[in-house]
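Everything on this sheet refers to the single structure shown next.
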Amino acid sequence: MTALAPRVPTRFLPVLATVALFVLAFGVGSARYDGFASGQVIANLFIDNAFLIVLAAGMTFVILSGGIDLSVGSVVALSTMITASGLKAGWPVPLVIVVVLLTGSTLGLLMGLVIHKFDIQPFIVTLAGMFLARGLCFLISVESVSIKDKTFRAVATAAIELPGGVTITYNVVIALLVVAAAMYVLHRTRFGRSVYAVGGNESSALLMGLPTTRVKVGVYVISGLCSSLAGLLFSLYMLSGYGLHAVGMELDAIAAVVIGGTLLAGGVGYVLGGLAGVLVLGTIQTLISFQGTLSSWWTKIVIGVLLLVFIAVQRTMVRR
Amino acid sequence: MKNRLLWPLLALAALLLLNLAVTPSFFALRIQDGHLYGGLVDVLKNGAPTLLIALGMTLVIATRGIDLSVGAVAAIAGAVTCVHIGTSDSTGTALAGMAIALVLCAVLGLWNGFLVAGMGIQPIIATLVLMTAGRGVAMLVTEGQIVTVNNTAYRQVGAGFVVLPVSILISLLVLGLVAFVTRKTALGMLIEAVGVNPEASRLAGVRSRTIIWTVYVFAAVCAGIAGLMISSNVSAADANNAGLWIEMDAILAVVIGGTSLAGGRYSLTGTLIGALIIQTLTTTVYTIGVAPEVTLVFKAVVVIAVCLVQAPKARAALSFRKVAVS
């Protein structure tokens with residue numbers, strides 16, 4: 001890393017560190033376990049975490065603007081519930097998709113408006129949003145609703161062949177498209193640049209004449225949209241809707257974004273960092289399942305330790 | 001001060017009246033075998049752990065911090081005590097187990113304090129570390145099992161009675177203690193000073209860091225005691241579910257009580273009322289016969305309503321007089 005440092009701008013270092021960690025974790029796995037270093041294991045990382053990748057992309061916008069969104073896990077659950085019960089009631093698939101995406105964006109819009117117009121902490125507002133979305137799930141149904149729609153099942157089980165006999169699902173394609181779109185919006189549009197500006201210093205952004213209201217409300221709409229899209233992907237993955245789906249997923253998303261080098265203070269970070277963060281979390285889970293004797297709670301401990309290491313590293317970098 | 005507590009108090013009164021309308025015997029108290037029973041006692045008893053954690057959280061939030069790890073810490077406290085007690089029924093083992101658990105919680109609080117005050121990490125992230133890892137640690141202690149115990153002395157903490165349930169007495173005792181220590185000495189003012197501006201208070205001679213360490217340790221110990229109550233009440237330690245989301249309830253209680261998340265001022269009475277509102281809300285949903293899962297919708301509505309009423313901007317929009325002034 002020291003040899004690279006002069007040529008690579010420091011702002012890319014946290015993301016590179018995460019990618020290096022991913023490569024390292026994967027290398028350790030490949031060295032220790034037969035069959036770990038296969039293309040399909042990498043493909044599975046994407047397949048099993050497609051929804052988390054989408055969530056992390058949305059969360060990156062919110063965190064970059066200096067906010068936080070605790071409602072994303074519940075919105076995922078609400079989306080699976082609407083999808084499952086909508087399909088059960090015989091709605092056509094396109095209608096279901098539109099309704100789900102509209103619900104997520106509307107929730108995001110409402111939270112954004114309350115946060116901005118009334119100057120209430122994002123933490124509290126999105127916490128209320130989290131309760132609301134989860135409660136709405138149970139209003140629809142307390143039971144788990146399975147998805148039997150033929151079109152939906154066909155999309156869910158369809159496999160796309162890649163060279164080398166590796167298969168992925170449509171979920172992965174959608175997730176990667178979302179990441180690409182998020183990168184485009186953040187780096188190539190006026191809105192994206194304003195997100196960085198508002199996160200860096202809101203007063204300066206306001207004085208520069210940037211549309212801070214649009215940015216501060218907009219990031220929550222984007223996060224809501226991403227959450228509901230992630231919910232659709234999650235319904236494809238689980239083929240059911242349930243109010244207890246995705247409990248605590250907001251913390252995974254935040255952890256992935258932080259591990260990916262995005263500063264919680266806002267203004268610094270990349271969508272790709274969130275993607276790398278998700279892959280690191282996924283690799284740890286895969287490692288622990290390959291190991292076999294380690295229990296699942298070690299995943300939590302390792303994620304906690306990783307979070308700690310990354311914030312400590314970020315802290316020293318910011319101080320310099 | 002009174003004015004600030006008006007809306008939370010009204011909300012609490014409205015909830016209680018709703019309960020009375022549905023169950024006319026809600027306020028009735030009766031004494032049976034020297035124990036006090038009744039709807040209000042139930043609310044207090046079930047709300048005791050939340051109140052205790054909210055007290056610790058109030059001081060943390062007053063320093064402009066937040067502690068997300070309290071639920072995990074509560075789970076660890078229960079797990080450590082139950083594993084230590086094992087199959088024993090002796091009072092000594094129970095006391096030793098609880099002492100070990102609380103010392104461990106204090107150490108976890110020191111750790112949070114170190115990350116926040118020592119390393120200068122944002123409190124929400126610093127405590128997220130322990131929130132994530134803590135539950136893993138609790139499961140490590142119980143080896144992923146639900147540990148059940150059968151210890152008479154330990155049962156007293158969460159399920160015992162001295163006229164009132166012991167858990168209520170513990171929570172009220174801590175409330176009194178905190179109120180006395182922070183309001184009768186300069187400590188409360190120093191905590192508020194740190195919350196307003198840590199750097200300025202440091203320059204003014206306040207030991208900001210020590211104060212921040214102290215509030216995190218206090219919050220963790222409160223969480224530990226609450227964890228003991230939760231696990232003692234059911235005589236078991238469930239590392240996965242004990243104290244799950246209790247940090248959110250505690251933060252809500254604090255915010256509903258009028259303590260600003262921006263730090264700098266806090267109200268212990270407000271926190272008490274906030275914790276009661278949260279618990280009464282849950283009880284109300286049960287008594288009016290709505291599916292318990294729907295509690296969350298009510299909670300969301302009440303939280304937003306109370307926060308909106310307290311938000312300066314919303315108040316300005318509601319009152320013409322203030323609009324004219326601004």
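Backbone N, Cα and C define each Cβ position, glycine as well.
Taken verbatim from TrEMBL:
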type	residues	note
TRANSMEM	B:43-61	transmembrane segment
TRANSMEM	B:68-87	transmembrane segment
TRANSMEM	B:93-117	transmembrane segment
TRANSMEM	B:124-141	transmembrane segment
TRANSMEM	B:161-181	transmembrane segment
TRANSMEM	B:211-230	transmembrane segment
TRANSMEM	B:242-261	transmembrane segment
TRANSMEM	B:268-288	transmembrane segment
TRANSMEM	B:294-312	transmembrane segment
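Using a cut-off of 8 Å between Cβ atoms, the transmembrane segment (B:294-312) and the transmembrane segment (B:68-87) share fewer than three residue pairs, counting only pairs 6 or more apart in sequence.
Taking every listed stretch (B:161-181, B:242-261, B:268-288) in turn, the largest tally of C-beta pairs under 8 A with the transmembrane segment (B:68-87) is reached by B:242-261. With a cut-off of 8 Å on Cβ pairs spaced 6 or more residues apart, the transmembrane segment (B:43-61) and the transmembrane segment (B:268-288) reach 3 or more such pairs and are scored as touching. Away from its own ends, the transmembrane segment (B:124-141) comes close to residues 66-69, 71-73, 75-76, 78-80, 83, 108, 111-112, 115-116, 237, 239-240, 242, 247 of its chain (Cβ-Cβ under 8 Å, at least six residues beyond either end).
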